[in-house]
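In TrEMBL this protein carries:
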- Lys41: active site, proton acceptor (ACT_SITE)
- Tyr267: active site, proton acceptor (ACT_SITE)
- Arg138, Met314: substrate binding site (BINDING)
- 246-367: domain 'Alanine racemase C-terminal' (DOMAIN)
- Lys41: N6-(pyridoxal phosphate)lysine (MOD_RES)
Amino acid sequence: MAVTGWHRPTWVEIDRSAITSNIKQEQSHLPDHVALLAVVKADAYGHGMLEVAKIAKEAGAQGFCVAILDEALALREAGFEDFILVMGAVPVEFAALAAQNNIALTLFDVEWLTELSTMKTAELPLHVHLKVDTGMGRLGLRSMEAVKEIEAAIAKRDDVVMEGIFTHFATADQQETSYFEQQLACFREVVDSLQERPAMVHCANSATALLHEQGDFDAVRFGISMYGLTPSPEILPILPFKLQPALAFYTEMVQVKELQPGDHVSYGATYEATAQEWVATLPVGYADGFIRAYSGFHVSVDGILMPVIGRVCMDQCIIQLPQKYPVGTKVTLIGGPNSADEAAQHVGTINYEITCLLSERVPKKYIH
Ligand SMILES: *Cc1c(COP(=O)(O)O)cnc(C)c1O
């Protein structure tokens, strides 16, 4: 069991109204017939799956997408009766469990269907969405023949229903669209070649949903931008509306002290004070998701940036202050001027990973 630190002043704040606003804004850009599916995999990108699912549903999301079957089962266990698609690969032995729970699975391999013995144990048929690899090179059927073969195989069974077909773009978050257009054309061609168009034809992640018309599709899979983050810094200037980041990560100074020239800080004694200076110890470290690579990054206090000095430890780190501050002063670790995008840039990663890294040790508080 992961222990959550309710008795330590380090916490994540999640603004419900930001998530609601991001969903409603996106929906106002979508034709009425296009469903918004909230992507809540990976504990809702670190925002808390069940709470986000509730917020998203209230905001108008018409279903959920997750990566693994356990996430879908957790939603069902919590009482969500909405549409759920598992986008990752599920071992065939768990197909009946998915069917019993009315959870749609992703089908990307005809072998999987062959191995699926009859689903008579389940009262409900298994709903599947065909995944077409149009250029992502990750999961999916890779040829028109494979799609046709699997469509024919499904048609022969009464325990499997082909509810949808989808693809995923590799470059939707780039301004240059030629590779994207190629994938889109390929997907359209595959869909047009089907004997029967399934109920849910979908291709859009956040970047696609934000930047490209969805009129001839039935749903979008809205992930990162539901949380108010841009799919990439590159498309920030061309987003159709202002995203509102939902997550902020806070702590408080637990010790404030004055260093003398020559004093050192943290493991390896890598930081040495060259003058008298004020520093503060923060009760947060890499075990919380405030990773070692944040050494040299900054946090903020009332919008004033302050550098993280020395090595970030497992449970603590030290920041340099411009002046003496009282113990208990609130510090923003991620949020405001030191946004997830800034943190990602410092570390050489993407904002997705910044929020996913937050550990269960950090309690989540939902506001608004
Ligand atoms: C995670 C995922 C999404 C959501 O992507 P965002 O960029 O977060 O919107 C959509 N589709 C698939 C297949 C995914 O794996």
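Backbone N, Cα and C atoms are what each Cβ position is placed from, and that goes for glycine too.
Annotations in TrEMBL come from automatic prediction, not curation.
Here the recorded positions are Lys41, Arg138, and the one with the most other Cβ atoms within 10 Å of its Cβ is Lys41.
Restricting the average to the domain 'Alanine racemase C-terminal' (246-367) gives a pLDDT of 98. Taking the Cβ of Tyr267 (active site, proton acceptor) as centre and 10 Å as the limit, one finds 12 other Cβ atoms among all the protein chains shown. For the recorded site, Met314 (substrate binding site), the DSSP three-state label reads coil. Residue environment of Met314 (substrate binding site) contains 12 other Cβ atoms, counted within 10 Å of its Cβ in all protein chains. Ranking the recorded positions Arg138, Tyr267, Met314 by Cα distance from Lys41 (active site, proton acceptor) puts Arg138 first. According to DSSP, the domain 'Alanine racemase C-terminal' (246-367) comprises 23 helix, 47 strand, 52 coil. In the three-state DSSP reading, Lys41 (active site, proton acceptor) counts as helix. Here the CA atom of Met314 (substrate binding site) lies 11 Å from the CA atom of Tyr267 (active site, proton acceptor). The DSSP secondary structure for Arg138 (substrate binding site) is coil.
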